[in-house]
Amino acid sequence: MANSRRKLIFNIYIGFYCSAVIQICVCSQFTSSSTDPFNKDHGAFPVAINGEIFPWHELRLPTMVIPLHYDLFVHPNLTSLDFVASEKIEVLVRDATRFIILHSKDLEIMNVTLQSEEDLRYRKPGKKLTVLSYPAHEQIALLIPEKLMADLRYSVAIDFQAKLADGFEGFYKSTYRTLGGETRTIAVTDFEPTQARMAFPCFDEPLFKANFSIKIRRESRHIALSNMPKVKTIELEGGLLEDHFETTVKMSTYLVAYIVCDFNSVSGTASSGVKVSIHAAPDKWSQTHYALEASLKLLDFYENYFDIQYPLAKLDLVAIPDFESGAMENWGLVTYRETSLLFDPKTSSTSDKLWVTKVIAHELAHQWFGNLVTMEWWNDIWLNEGFATYMELISVNITYPELQFDDDFLDMCFEVIKRDSLNSSHPLSNQAETSTHIKEMFDAVSYKKGACILNMLKDFLSEEKFKKGIIHYLKKFSYRNAKNDDLWSSLSNDCLESDSTSGGFCYSDSKTTSNTLTFLRENVEVKHMMATWTLQKGIPLVVVNREGRSIRLQQERFLNGVFKEDPEWGTLQERYLWHIPVTYSTSSSNAIHRHILKSKTDTLDLPEKTSWVKFNVDSNGYYIVHYEGRGWDQLITLLNQNHTFLRPKDRINLIHDAFQLVSAGRLTLDKALDLTRYLQHETSIPALLKGLEYLELFYHITERRNVSDVTENLKHYLLQYFKPVMDMQSWCDEGSVWDRRLRSALLKLACYLNHAPCVQKATELFSQWMESSGKLNIPTDVLKIVYSMGAQTTAGWNYLLEQYELSLSGAEKNKILYALSTSKHQEKLTKLIELGMEGKVIKTQDLAALLHAIARNPKGQQLAWNFVKENWIHLLKKFELGSFPIRMIISGTTSHFSSKDELQEVKLFFESLKAQGSHVEIFQIVLETISKNIKWLEKNLPTLRNWLLISI
């Protein structure tokens with residue numbers, strides 16, 4: 001019944017949209033363009049590949065013509081690995097013109113015809129159009145013999161063909177091996193951000209939303225999937241079948257998807273009647289069941305949370321054997337890397353389960369944030385990705401509380417702070433025009449910083465009011481495009497409607513103090529506040545100086561690796577000012593105090609005397625805090641006396657901020673290390689792991705630089721300090737999520753440090769596993785550790801490589817590949833790289849992660865870097881410049897360098913690439929990171945050496 005109702009509403013909506021609303025709702029989102037700009041100045045326009053003048057010179061498409069509906073037919077041949085296709089695009093002309101500009105890349109255009117409404121009415125043949133191509137902008141121009149008239153509709157028919165792409169973009173081929181050793185091919189699409197143009201000529205920008213009717217021709221041994229449910233299948237001559245799919249809702253081209261494959265599926269029905277199916281290669285069908293359970297739970301959650309029903313009748317989630325990213329939110333047909341969707345109880349760890357749950361939660365959130373409401377242009381991609389990442393926290397906490405995702409989210413914010421505190425960072429809302437620049441926007445800043453500032457805003461407004469605001473935003477802009485300011489207006493308007501006494505400011509319902517009441521009257525504008533977080537790069541540092549009951553606050557730009565005494569520090573601080581929603585707690589009250597720091601300096605007066613003050617309660621704020629004077633000493637004393645006076649997240653926050661401040665030259669390393677001494681009494685596993693993370697990091701830094709005395713002393717300190725808790729760990733899968741993660745982290749470190757009991761147990765388990773021909777079930781939390789120890793012998797390494805080829809579990813293959821990369825034999829590491837480049841045993845999609853892992857191995861760091869330098873051209877044939885794998889390869893093989901010679905070598909290599917026309921943002925990030933590493937060692941290595949001598 002729910003499905004019938006949804007279909008009826010959909011049909012009514014489409015009819016209404018096409019007949020009445022088109023000129024109001026669609027045209028209003030496009031800025032007015034001048035008529036036929038080509039007539040103005042031919043000299044300003046580029047030359048098409050046939051030598052004629054191309055009539056458009058901008059990267060962005062003109063808005064004189066907009067699409068309403070695509071009728072798309074596709075016939076892929078999985079034997080010859082190509083496809084033939086045709087389309088009819090119904091367009092609306094807004095301004096009279098003699099040409100139509102479309103996106104097209106690597107497509108052979110066979111024929112183009114144009115029909116007017118009159119031609120269609122009287123069944124007149126179309127007029128054949130001349131096509132010009134300008135590959136530099138990935139555009140084609142359709143030249144019209146007679147001017148197209150404004151406010152009329154036309155139909156453009158295009159016949160075209162192409163090879164199925166070799167990489168991971170557009171309409172591409174993917175392969176998998178069956179248990180019997182047969183290699184099978186499927187065809188799959190991946191269009192975000194600018195690759196729909198590789199599959200069909202189109203208006204490939206997010207603002208050009210339209211409806212799509214898709215038909216796919218296939219062999220009977222395959223199935224076809226697309227965004228919408230299948231309406232019918234027609235039998236054709238030669239045993240071919242043609243599937244027709246329902247017309248889509250109004251959406252952007254990057255969300256269109258279709259797949260031809262031979263997969264099996266498992267299905268269920270959500271509370272609202274939506275059919276949810278998980279598809280995978282037949283031999284991996286048994287790994288789909290957890291994804292189905294999670295998808296049903298999460299879809300129900302989102303429909304209730306957003307108060308907006310999922311608008312399609314079905315939702316397919318498909319595990320793709322070759323996939324560049326983690327997943328893609330195509331409306332109604334979500335595609336995933338296999339490790340992001342499939343869960344094998346025998347080989348998937350608790351971390352793997354959390355990952356699968358998070359990715360499903362992320363992509364389902366996109367069905368509303370991104371699909372239903374889409375950013376106007378890629379400069380605001382954070383509206384899509386930041387919100388989907390934020391909704392991971394909200395949805396997983398409620399649907400799977402046992403996964404204890406809160407502290408993972410905190411770690412994610414800490415991770416992006418490392419990136420955002422470099423001068424090479426960028427604003428959340430950032431200009432992006434070329435395909436390479438647009439791809440670079442899909443980074444940690446857009447995803448993670450976006451999520452972190454939304455979480456801060458939620459804490460600032462209150463969860464209830466924040467939720468009302470985003471529901472208002474989603475309902476107001478459904479099937480439309482939006483930008484930064486539209487979101488802030490929705491949040492502000494909700495305040496005005498429901499909280500007229502608050503001066504237009506939504507505030508937290510938690511306990512307030514007199515200070516809180518003061519700032520509530522300040523009529524804070526959400527838009528003005530959030531502009532300081534989205535339109536400028538970086539993260540603020542709040543400096544706290546307390547004298548008695550008076551607290552002086554000062555804000556600066558926090559810069560990792562740039563010290564206050566450095567000559568460039570002052571220049572890098574200029575014109576940076578945030579509106580910071582500061583929170584703090586004191587020894588004298590359980591209340592959370594709130595204040596908005598809008599100026600460079602400000603003063604707070606405490607109502608009563610207090611022995612300590614802790615800012616950024618629960619680490620909900622996106623800022624670093626430095627306590628001047630005796631502030632840090634007081635907090636260290638508090639932790640040593642009774643750490644439970646502070647919330648667990650506040651303890652994690654103190655550890656994080658202290659070590660970040662060391663990197664900025666604002667706190668001495670010995671002071672930060674002294675803070676960790678209390679960890680022997682720590683009861684919060686995430687806090688314990690945070691402290692351990694920094695100590696382990698220092699170990700790897702000194703080991704890679706071959707500073708043997710410090711490395712040995714740090715190893716001794718770690719084993720001495722953490723031995724009691726290491727020896728308490730069992731080799732099983734018991735306990736809470738954090739119990740299990742502690743076990744994995746501690747045993748991995750213990751074995752890496754050659755702690756005898758750990759090495760003995762892991763070696764014993766690996767021998768038993770080999771003797772059982774790989775049939776022994778090793779506890780999943782220690783599987784990677786056991787494999788890594790086994791990989792240290794030639795026999796063990798060879799056996800693991802054999803098992804890697806045979807394994808059907810992506811989670812297990814990841815663990816084996818990591819273990820293989822830990823070998824101390826360079827010839828084995830070289831073989832792994834060769835297999836990754838070949839792409840058969842080790843898939844190309846895993847090459848970037850493999851190079852990253854090998855570079856982290858002291859015996860492989862130079863090997864991986866030399867390979868990248870010598871094979872750069874070959875790598876660019878596998879991955880697009882600016883893509884995530886290329887960025888990961890560059891940073892993964894260089895960002896751990898910490899010597900001036902290494903810095904110079906990397907600089908010279910990047911300069912040679914720039915000279916060849918290759919330049920991406922990651923180059924500057926890497927150079928800044930290496931410089932920071934050099935500076936850290938120069939300043940802190942003597943301190944670390946002395947501290948260890950005292951401590952052991």
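Keep in mind that glycine also has a Cβ here, set from the backbone N, Cα and C atoms.
Copied from TrEMBL, the annotated features are:
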DOMAIN    67-255  domain 'Aminopeptidase N-like N-terminal'
DOMAIN    290-493  domain 'Peptidase M1 membrane alanine aminopeptidase'
BINDING   HIS362, HIS366, GLU385  Zn(2+) binding site
ACT_SITE  GLU363  active site, proton acceptor
SITE      TYR447  site 'Transition state stabilizer'
DOMAIN    612-930  domain 'ERAP1-like C-terminal'
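Annotated features, which come from TrEMBL, shown on the structure.
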residue	record	CB count, 10 Å
HIS362	Zn(2+) binding site	27
GLU363	active site, proton acceptor	27
HIS366	Zn(2+) binding site	24
GLU385	Zn(2+) binding site	24
TYR447	site 'Transition state stabilizer'	21
Task: Near-site residues: Zn(2+), ref HIS362, HIS366, GLU385, CB cutoff 8 A to centroid - done: GLU329, GLU363, ALA365, PHE369, GLY370, ASN384, PHE387, ALA388, THR389, MET391, TYR447
Open item on the list: Roughly how many Å lie between the Cα atoms of HIS362 (Zn(2+) binding site) and TYR447 (site 'Transition state stabilizer'), rounded to a whole value?
Closed with: 11
Task: Neighbours of TYR447 (site 'Transition state stabilizer') among the recorded positions GLU363, HIS366, GLU385 (Cα to Cα, within 10 Å) - done: GLU385
